[in-house]
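Q: Before anything else, here's the structure in question.
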Amino acid sequence: MAMFRSLVASAQQRQPPAGPAGGDSGLEAQFSCPICLEVYHRPVAIGSCGHTFCGECLQPCLQVPSPLCPLCRLPFDPKKVDKATHVEKQLSSYKAPCRGCNKKVTLAKMRAHISSCLKVQEQMANCPKFVPVVPTSQPIPSNIPNRSTFACPYCGARNLDQQELVKHCVESHRSDPNRVVCPICSAMPWGDPSYKSANFLQHLLHRHKFSYDTFVDYSIDEEAAFQAALALSLSEN
């Protein structure tokens, strides 16, 4: 755990300030949770440092004896975590284009819109197909995406399982500033193969510290899958 925390700390950057600066292209990034890197959902703020997260994303931190802020790693009092009402108001005020159809939607409704957008669903249909990691005599289904191995989005190194991808990116691309598509997320039913993470390494360390393939029912939505996998992975530790 100590090693994981040190890797997370080394990958973190300052949380960008909320506001409309930067136009539509940067609006989602300014209102993105530093843990899941998606638009805030039921945002909460830590009283001591002021950093904001989705309520669900911060929950695991609140269940440990001495919680640390996931962004700055400073200790905080879990009783002094409150709803970020000012952020919620801004989410309802600002609009940004959908990644699929480019329709402008308020940030508060962006997640719901993306889950039903036909253009996004078309993009999801083009995700990588399943390839067995070893030769097999069994027939290979044609409609199962590859969720076993991934290619590095920075250098193209292939056939990396999830743990190998995390290790490879931490060791080889720690300082790479490029925005890239998460190959793990894009292989999921809810993934967007065209969405580039503003801080991929931070996303990788926070969002993919356990295997979806081990814990997830792929028929449920992304947030339910993440919470179920996180709970099950913690119960095995």
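Note that Cβ sites are derived from N, Cα and C of the backbone, with glycine treated the same way.
Swiss-Prot lists these features:
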- 33-73: zinc finger (ZN_FING)
- C98, C101, H113, C117: Zn(2+) binding site (BINDING)
- 98-117: zinc finger (ZN_FING)
- 221-237: domain 'UIM' (DOMAIN)
Q: Using the centroid of the Cβ atoms of C98, C101, H113, C117 as reference, list every other same-chain residue with Cβ within 8 Å of it (recorded Zn(2+) site), in sequence order.
A: R99, G100, N102, K103, V105, I114, S116, K119, V120
Q: Which secondary structure state does DSSP assign to H113 (Zn(2+) binding site), in the simple three-class scheme?
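A: DSSP assigns H113 (Zn(2+) binding site) to helix.
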Q: Within the chain of H113 (Zn(2+) binding site), which residues six or more apart in sequence place their C-beta under 8 angstroms from its C-beta?
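A: C98, K103, V105 - these are the non-local Cβ neighbours of H113 (Zn(2+) binding site), listed in sequence order.
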Q: What is the pLDDT of the zinc finger (98-117) when averaged and given as a whole number?
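A: Reported value for the zinc finger (98-117) is a mean pLDDT of 87.
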Q: Would you say which of the binding-site residues C98, C101, C117 has the most Cβ atoms within 10 Å of its own Cβ?
A: C117
Q: Translate the DSSP assignment of C101 (Zn(2+) binding site) into the three-state scheme.
A: coil
Q: For the zinc finger (33-73), DSSP counts of helix, strand and coil?
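A: The counts are 8 helix, 9 strand, 24 coil.
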